[in-house]
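Undergrad: Features from TrEMBL:
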{"type": "DOMAIN", "residues": "6-151", "note": "domain 'Photolyase/cryptochrome alpha/beta'"}
{"type": "BINDING", "residues": "Y276, 289-293, 329-336, 429-431", "note": "FAD binding site"}
{"type": "REGION", "residues": "518-576", "note": "region 'Disordered'"}
{"type": "COMPBIAS", "residues": "564-576", "note": "compositional bias 'Basic residues'"}
Amino acid sequence: MASKRIVVWFKGTNDLRVHDNPLLARAAQLCAELGGDAEVVPAYSFDPFFFGVSELGSNKMGPHRARFLVESVADLRAQLRAQCASDLLVGVGPPERLIGPLVGSAPAGGAVLLMSDEVASEEREAVGRVRSAVRATGTPCDVESFWMSTVYHRDDLPFGGGARGARANGGGLERMPDMFTPFKERVERELATRPMARTPAAGELPLPPKRDALASDGVTAGECARGFDLLPSLAQLGMAEPMDDPRGVLRFVGGEAAALRRVRHYLWDTDCLRSYFETRNGMIGADYSSKLSPWLAHGCLSPLKVVEEVGRYEAARVKNKSTYWLIFELLWRDFFRFYAVKHGNAIFKLGGITGERREWVTGAQAAERLRRWKEGSTGLPLVDANMREMAATGFMSNRGRQNVASYLALDLAVDWRLGADHFEGLLLDYDVASNWGNWVSAAGLARAGRVNQFNIVKQGRDYDADGAYVRLWCPELRAVPAEYIHTPWEMPQQLQDKLGVRIGEDYPSPLAVPPGHAFRGAYAGGRRPATGNAPIGGRAPNTDRFGRRPSDGGGAGEPGAGSARRRPPRGGRVQR
């Protein structure tokens, strides 16, 4: 029997892979240091908390992401078996119920627990409960945590004073710029990426000799009795099977194998990376952008692997603005992760990082606006098409995310956190830092310079000029000519009657419209929509009223953004 047990805790936020995984590399190193006198137990638990309901009332995870997660865990097990001759112990329940007993039943030499670092409060609370459960066992256990989710390592950031060694544990984050451009310029100029972690070979991660001994020790805690063979169905997780809409850009399949196939497809098989800069603002089809974000968000794909593949592509084919821009998007992702660590729960507050007080609509008026926004019935075709796509598929383009967020927070003056919370539940590629960081920025509450208030009509005409995207997701507008596809309320009544598209009946009247596009028809519901590209509750300062985009990138939708069992929220990260 081995003298020590090494438990590798996979959490699903940034670690569901075997390539470039510091946890597995460290486990192999420890085994070698012990002369092979150790056993390694990789483990994952489906935590019901993250399938429950948020503080703001949305499901924390929708069926598309739940399916993607289950597929990712299944593939992690397959990769551990195939590449490392290891395995994965899977549980369903709070992770402390799996990890605690695994440590508690360790051999006489004790245990080592390896895990990845987290950036936000709910995820850190889960880590805290596991640490408490481990301490409660009384088993000697060293706990090691690894930063593994960004291009540049947190400990290498150049924003602190003194020697780089003094920056350990992210010591420079308090001086990190709150604006992306100075952040990007410093890290690009001063930092190099660290080498990727080595993937252990067969024999370097020895499993316990008797799998059934784990179960008999109570490690699998009830529903986990099948241990190394368990993979829950969506129904067992309280989720419905998602419907695959044929209009979706891609059937995203979870797991490391699918992630690497997507990288190969986008860079090498189709050569789409060559023209990425020119196509990245598209909204229809699989290959206008890389679509790597779901795999990055779950840790099925390392950002350093993407950097490596882009470097190979540049050496073999072409180095241009497009190849740079894919890395640029990864740096947006880095920025928001470090930003979340720096500002903590401020990214969840109503006043954001700035603490600004605004006049937000409340009560029934806010509920109605939020409902119509969620349903894709705002009367603004570009907003509605994007919201319907996300509801049906779990995906929305980066361009779409910026527009719908601006519309909710700045045009409709609805608490921006309700939008971020809705995105958290539906998005396949939900990442706590990118999602909430992008939303607090979209609301103009991030100390990021001027507020970018989008002119939705202009954006539609710029990025969906012929209306193909709107017609795809708003079929009731298929007959509307391009002249009116983004302003259907401007159609003369005679044309509405002829086309069978009556505003307020066949398609909703707009809630709010940009300047120069005033709505003059009858409003179904008894109230006229607001006009002018400004929040109904009061215009935000320094807004761009002309549809100018914010700094390129932003993380959402690119590398750079069903029912659930109800469970009371833990902690409380959302504050007023």
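One-based numbering along the chain as shown.
Positions of Cβ are set from backbone N, Cα and C atoms, glycine also.
Remember, TrEMBL labels are computer predictions, not curated facts.
Owing to the predicted nature of the structure, the values given are computational and were not obtained by experimental measurement.
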Undergrad: Out of Y276, F335, Y430, give me whichever of these binding-site residues has the highest number of other Cβ atoms within 10 Å.
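TA: When each Cβ's neighbours within 10 Å are tallied, F335 leads.
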Undergrad: Could you tell me how many residues in the domain 'Photolyase/cryptochrome alpha/beta' (6-151) are helical, how many are strand and how many are coil under DSSP?
TA: 64 helix, 32 strand, 50 coil
Undergrad: Cβ atoms within 10 Å, counted per site: which of E329, W332 has the most, among these binding-site residues?
TA: E329
Undergrad: Does K291 (FAD binding site) have same-chain partners at least 6 apart in sequence with Cβ under 8 Å from its own Cβ, and which are they?
TA: V249, L250, F252, R262, Y266, F395
